[in-house]
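J.: Take a look at the following structure, please.
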Amino acid sequence: MFFTLVTAALAASTVFASPIANTKVVHEKRDVLPSGWNKRSELHRRAILPMRIALAQNNLEKGGDWLHEVSDPESDRYGKHWSAKEIAEAFAPSDDTVSAVKSWLASHGIGNDRIKHGQSMGFLQFDASVDEAENLLNTKYNVYQHTDSKQSHVACEEYSIPAELSEHVDFITPTVHFDAPIKRHDKREPMEKRAISPGVEKGLGEPGSPSLPKLGATMNGADILGRLKNCNTQITPDCLRALYDFQHGHLALKKNAYGIVEYTPQAYVPSDLDLFFRQFAKKAVGERPVLDSIDGGVVQQTNMSFGFNGESDLDLEYAMSLVYPQNVVLYQVGDLVEGASFNNFLDAIDGSYCTFRGGDSQRFDAVYPDPYGGYQGPQNCGGFAATKVISTSYSYNEHDLTPIYERRQCAEYLKLGLMGVSVLYSSGDYGVAGNGGQCINPDGTYNNGNSGRFNPSFPGSCPWITSVGATQVKPHISLPNALASGTEPEKACETVIYSGGGFSNVFPLPGYQRKEVTSYFANNMPPYTSAQYNNSQETRGIPDISANGANYVVAVDGQFAKVYGTSASSPTLGAILTLINEERFSRGLSSIGFVNPVAYKNPGVFNDITAGSNPGCGTDGFQAVPGWDPVTGLGTPNYPKMLKLWLSLG
Ligand SMILES: *[C@@H]1O[C@H](CO)[C@@H](O)[C@H](O)[C@H]1NC(C)=O
Ligand SMILES: *[C@@H]1O[C@H](CO)[C@@H](O)[C@H](O)[C@H]1NC(C)=O
């Protein structure tokens, strides 16, 4: 961490001219300047600062309980999801917060007429002279310059606010946050401007980005075996239906569309969908996903290769085949120049998130209209409906981002859960290591993965996500024989990829998971130290559930190939949840919403995976064992049992 939030108890108060300032305390302080930035000069006294005060949201600490209330199978309120309006009202900054901050501003001569404050907005905005801002925050502004880009940025190194306002203010900008986007000269680089840490050298959807699926052998049509006894070497939609015991969809309910998120320049190829459907889902030939273009999102057809098409083709071919005749909505996010982040997507499906706690980060998220010349429309802020199941096969390392940024985004997943949306993310393909195999050195930098601290993925480590790990059919098993004899045909995926799993360094252990995680540690204490992972048994464990992620037969760029990754597992699990929603809707029941509380109270509806492991960071990783484990979670879906359970709930 570069800066620390200093609480009243720790901070020395600073004497200052106005009476209220006697009790001012440091609110945020930067211990060291971020690398590359140096102080250049004082700020011109006539500069005008666009001040933004992020107000503390009300009731955030109650959010977990509220989500539990509508997601816990034993709750009377199970399935009674909230409307967007109810959520906005429940979490809006309290009147006390707004008036306390406004009267502080008024005492510094900044009257109501100068302050902008939208109804659902979590912040106050006003322009201030340098003198006003420095008096208000008891600080000194300077201009800092970046060594490489020569770009300048206005900032201070600490600021103070009255002690009694600490609880009402999240943070204030511009202050200690060096989040100005670094402008690059090379035209192709803006997408990499979110080269936000050594772990993120590529934009989410860029070819080579390590959370994308992995390519195996290419095949021609004759190589496709298509028999259930070959599911140990080739996964097809029929293999998945046999493994998890589910049938084709049949109801085509309009409100039951299944959402798949893709980040530009990833793009599906229409002729690939048909090539796949002709082989595996004849009725779907000619079907296309419903396109929701977010922030200039385009399904580009200029660059064609596995790196550009693999993820989208994989996700859509399987999602569409498995839930047909229900619709799949494709959320295509970001333009070709800048790309986008998870926050850009969340802004589009929930307008209130755009301004929540000060809005997106200029460091981690794309800015629209695109300052680099791409999409010039306004940033999409609301206006796109969230489908009831949303699967995303991209992820960061938790360590790539900051805890403040992650907690803000995680609170949004909580709200989507309250609204009855099941949000799924793949858990990563590098076992206990992070994307690309990176592990964390004691000084916080990354290494090449032979040692160091385990590196779990985000957003999966947010407790309000269902994190999806990967399994494979055991090498020598014949699926029909295994199913007939009741032998578990799968183990943790150890072909090409290892299922991402482990324990968060940021998020505490959620209540719904406590029993399973505690019993995991009691029976299978891993042989690693607290230097390797947070072994306090008090942090969030991932994944939650898994599904097959090896040997998927996918049509890409006109031919079939085998594809690997939790990138395959997440759309498969999402398809199964969509089929369960179909049955619930047809009986007048609500969507299943946030899955985890039901899943952890009913581990018996999953096939327990007890073999395999997820090596990384110079270790054997964790082992798949009876019960929940940080490799395959609770196990893989058993559709008939899941359906029976979910149809029995509220
Ligand atoms: C994508 O296509 C454009 C236009 O043909 C080309 O200029 C660019 O280099 C391609 N990008 C990659 C990464 O291949
Ligand atoms: C592990 O997590 C716990 C609970 O969040 C926290 O108190 C502790 O400081 C963490 N330990 C390490 C070594 O990070």
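Including glycine, each Cβ sits where the backbone N, Cα and C put it.
Under the heading active site, charge relay system, TrEMBL lists Glu311, Asp315, Ser567. Under the heading Ca(2+) binding site, TrEMBL lists Asp608, Ile609, Gly627, Asp629. Residues or ranges marked as domain 'Peptidase S53' by TrEMBL: 234-649. For 187-213, the entry in TrEMBL reads region 'Disordered'. If you look up TrEMBL, you'll see 1-17 marked as signal peptide.
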J.: Quick check: which same-chain residues outside Asp608, Ile609, Gly627, Asp629 lie with their CB within 8 A of the centre of the Ca(2+) site CB atoms?
T.: Thr610, Ala624, Val625, Pro626, Trp628, Thr632, Gly633, Leu634, Gly635
J.: Who sits close to Ser567 (active site, charge relay system): which same-chain residues at least 6 apart have their Cβ under 8 Å from its Cβ?
T.: Ser211, Leu212, Pro213, Glu311, Leu314, Asp315, Ser393, Tyr394, Ser426, Asp429, Gly549
J.: For each of Asp315, Asp608, count the other CB atoms within 10 A of its CB; which of these recorded positions has the top count?
T.: Asp315
J.: So how many other Cβ atoms are close to Asp629 (Ca(2+) binding site), meaning within 10 Å of its Cβ?
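T.: That number is 31.
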J.: List the same-chain residues at least 6 positions away in sequence whose Cβ sits under 8 Å from the Cβ of Gly627 (Ca(2+) binding site), in sequence order, or say none.
T.: Glu516, Ser519, Tyr520, Asn523, Pro603, Asp608
J.: Among all the protein chains here, how many other CB atoms are within 10 A of the CB of Ile609 (Ca(2+) binding site)?
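T.: For Ile609 (Ca(2+) binding site), the 10 Å Cβ neighbour count is 26.
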J.: Quick one: what's DSSP say for Ser567 (active site, charge relay system), helix, strand or coil?
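T.: In the DSSP reduction, Ser567 (active site, charge relay system) maps to helix.
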J.: I want to verify one value. Collapsing DSSP to three states, which class is Asp315 (active site, charge relay system)?
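T.: For Asp315 (active site, charge relay system) - judged by DSSP and reduced to three states - the answer is helix.
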